[in-house]
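Copied from TrEMBL, the annotated features are:
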type: REPEAT; residues: 2-43; note: repeat 'WD'
type: REPEAT; residues: 48-89; note: repeat 'WD'
type: REPEAT; residues: 90-131; note: repeat 'WD'
type: REPEAT; residues: 135-173; note: repeat 'WD'
type: REPEAT; residues: 175-207; note: repeat 'WD'
type: REPEAT; residues: 217-257; note: repeat 'WD'
type: REGION; residues: 273-313; note: region 'Disordered'
type: COMPBIAS; residues: 277-291; note: compositional bias 'Low complexity'
Amino acid sequence: PLLGHEAVTLGITISTDGTKIVSGGYDGKIIMWNAETRTIIRIIIPRMSGANLGITSLKFSPDGKTFASTSRDGTCTVWNSETGELLLNFDDHQDKVETVAYSPNGMKIASGSSDHTIRVRNAHTGERLTQPLLHADVVRWMVWSPDSRQLISACQDGQIYFWSAPTGTQLGSPLQAHLSAINCMAISPSGSLLASASDDHTARLWSTVTRQPFGRVLQHNDMVPTVAFSPNGQFVATGGKEGIFLWDISQEGVIATNVPLFPSAPIPHFAGVIDQPSSSSDSPAGSLRPSTPASNVPSDGAQGMSSLPIAPAGGVASPHGTIPVPVTHVAPRKLGFFYKLLHRKRKGTERRGNPDDAQTN
């Protein structure tokens, strides 16, 4: 485990070259780690106003030269990932900043807040590029389209908003996607499908062109904290208290069974796929059926976390606690989906996993 934080860590991100891990949490610290040696490179303690200490999210830029942090005091800060130097600081949100996202081309950075707004800026100069993007509720998640021309945001009230990135104009009316808060979204590699995961016990797929539902509702028995697409766009994974479910959106039938999980522990946000099938396009239709989680692994009274990034080489770092990070390869496609587990009694640690330790079905 990586020991350094003195409280729960809420955010973690891995550099694009897989050499650095950055973590942050309620202790107000940002810690940069060497991913290979698992040693601390430096500790950054941002200045925060009032008693609102705590890092809420972190994200590396696409080129890995900078990373952004957001905090409970309403600030979003950009740092040099080599030196730890503060490059930009934005303090115009009126409440906690929940999420941050770089555009895929690295030119823009968006921050979403409990003040019901998104601020879009030039990622290099900090210049505000649009007026604040107004929402009816707390902004919980954001994703960019692959071409960086559209920003999609999700809210506490279950609505999804679509925005023109060049102008900041809202594209149509909000989509009432869920009956409760949206916890996570993912966009397919082609940009044609959007997946959303919610407290209403469902994950759903949407056409980004028509904004109509795609396929059937992915029903769960509890809240769904996380959702992710495979890189080829053929598969969706959802995670929660029930475990991890793999859904085939290209053909009928279950694609994976007996995935080793902690079924009684909430599954956090994850991403994954070590190898993918040869096809690289999204399927226009298909039946969606979940895999069956295993039930033979004890949960030991655990609870889930907020983020789980994957390094290019396949290693994975996860926030706080004593956190096993098993990996499953599902032959022949070798889908590797990662999850993490928090032991409530131990806070302030991280653990890295490696796909080489995976089991193969």
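Cβ atoms are placed via backbone N, Cα and C, with glycine included.
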Report, as numbers and ranges, every residue of the chain located at least six residues beyond the repeat 'WD' (90-131) whose Cβ falls under 8 Å of a Cβ in that stretch; write 'none' if there are none.
52, 56-63, 66, 68-78, 137-148, 151, 153, 163, 165, 167-168
Across the repeat 'WD' (2-43), what are the DSSP residue counts per state (helix, strand, coil)?
0 helix, 23 strand, 19 coil
